Amino acid sequence: MGWGDMEPPNGSAARCFGVFNATDGPQGVQHSITSPWFSTAFGLIGLCSNLFALCVLLSSSRQLSNRARSSFLVFLCGLVVTDFMGLLVTASVIIPYHFIKFSWAKVDPGCHLCNFLGFSMVFFGQCPLLLGATMAGERFFGINHPFSRSTSISKRRAWSIVGLVWGFSCLLGLLPVLGLGRYTLQYPGSWCFLTLLPDTGDIVFCLLFALLGIFSVLLSFIFNTVSVVTLCRVYHDRESVQRRRDSEVEMMVQLVGIMIIATICWMPLLIFMVQTVLQQLPASGQTQLLPAETQKMLLIYIRMVTWNQILDPWVYILFRRAVLQRIYPSLRPRPSILSLYPVLNPSLRRKLTAD
C-alpha cells in the first residue's frame with residue numbers, strides 16, 4: 001500500500017497523517033530526494049564525527065586545570081552529546097523507513113511514534129542554538145569581566161546550566177502534547193515535525209520555535225562580536241602586543257565557528273517557517289494540505305540543518321591550538337591573562353592564580 005492510498009484509521013491518526021500529498025511530483029524526483037543511502041551516509045558521518053569529538057573533549061578535560069577553559073569544555077561536551085543523541089534518535093526511525101517503507105497508519109495508529117519523532121526534532125534542534133547562545137554569553141562575561149567572581153563557573157555549575165537548557169528545550173518540545181500545536185508526518189513520509197498549516201495552535205507553536213531560534217542566533221552574534229572586538233583591542237594594545245591570551249582566542253575561534261555554522265544551517269529554515277505561516281494567515285483554518293513546493297523546500301532546509309550536527313564537532317577537532325600549531329608553527333604559547341594586568345597587587349594575583 002502506497003502512502004497516497006493510505007487511509008487514516010481514526011480521527012487521532014488523521015491529526016498527524018493528513019497534511020501533505022506525496023503523490024505530487026514525478027516519482028523519479030521523489031526517489032532522488034529521499035534516497036535511503038543519502039540519509040544513511042549523513043547519519044553515519046554525523047555519529048562518527050560527534051563520537052570522535054567527544055573522545056577528544058574527554059581527553060582534553062582530564063589534562064586541563066584552567067577553570068574558564070574547563071567550563072567551556074563542559075558546554076562543548078553538552079553540545080556534542082546533544083548532536084550525537086539527536087542523530088542517533090532520529091536516524092533510528094528515519095533510516096528504517098527509507099529501507100522498508102513501513103505504513104505509519106499500521107505501525108503507529110495512535111501517532112505516538114510520530115509525536116516522539118517530532119518532539120526529538122524540536123528538542124535536538126533547539127538545544128544546539130540555545131547552547132550556542134549560552135556559550136557566547138559565558139565567554140562575553142568571561143572576557144569583558146575577567147576578574148568578577150560571578151564569571152568563574154565551575155564544572156558542576158556549567159553542567160547545571162546545560163541541564164537547564166535541556167530542560168527548557170524539553171518543555172518546548174512537549175507543548176504539542178499539552179495541546180499547543182501538533183506534530184505531523186512530513187514529506188516524503190519518513191519524519192515528523194511541527195505543522196506549518198494555518199491553524200492557530202500550529203501557528204503559535206511554529207512562531208515560538210522559529211523566533212526563539214532566531215533570537216538565539218542573533219544573541220550569539222552580538223555576544224561573540226563584542227568578545228572578538230575586546231580581544232582585538234587587547235592584541236593591538238601597545239603595552240601587550242606580545243602578551244596574547246591564547247586560551248581566550250582559541251575558545252572564541254571555536255565559538256565563532258559554531259555560530260557561523262548554526263547561522264548558515266538554521267537561519268534559512270527558521271526564516272522559511274516564519275514566512276510560510278505568516279503568508280497563510282489570511283486563509284486560517286481553510287488549508288488542510290501543504291503545497292508540494294512547500295513540502296519539498298521544508299525537506300531541503302531540514303537537510304541543511306543536518307549539516308549543523310555533522311560540522312559542529314569538527315570545529316573543536318580542527319580549531320584547537322594543538323592542531324593549529326602544527327599548521328602554523330609560529331603560534332607559540334603566550335603568558336597567561338594575568339600578564340595583561342601587571343598593575344595588580346601581589347595578593348590579588350596569588351588569588352587569581354589559585355582560582
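Note that Cβ sites are derived from N, Cα and C of the backbone, with glycine treated the same way.
Because TrEMBL annotations are produced automatically, they should be read as predictions rather than curated entries.
Feature list (source: TrEMBL):
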type     : residues : note
TRANSMEM : 37-60    : transmembrane segment
DOMAIN   : 49-316   : domain 'G-protein coupled receptors family 1 profile'
TRANSMEM : 72-97    : transmembrane segment
TRANSMEM : 117-137  : transmembrane segment
TRANSMEM : 158-181  : transmembrane segment
TRANSMEM : 201-234  : transmembrane segment
TRANSMEM : 255-278  : transmembrane segment
TRANSMEM : 298-319  : transmembrane segment
Item to check | Chain residues outside the transmembrane segment (37-60) and at least six past its termini with a C-beta under 8 angstroms from it | outcome: 73, 76-77, 80-81, 83-84, 87-88, 91, 94-95, 98, 190, 303, 306, 309-310, 312-314, 316-317, 320
Next on the checklist: Would you say the transmembrane segment (201-234) and the transmembrane segment (72-97) are in contact under the rule of three or more C-beta pairs closer than 8 Å, pairs 6 or more apart in sequence?
Outcome noted: no
Checklist outcome for this item: Near the transmembrane segment (255-278) in space but 6 or more residues beyond its ends, with Cβ under 8 Å, are 79, 128-129, 132, 135-136, 139, 196, 198, 202-203, 206-207, 209-211, 213-214, 217, 220-221, 224, 227-228, 294, 297-298, 301-302, 304-308, 311-312, 315, 319
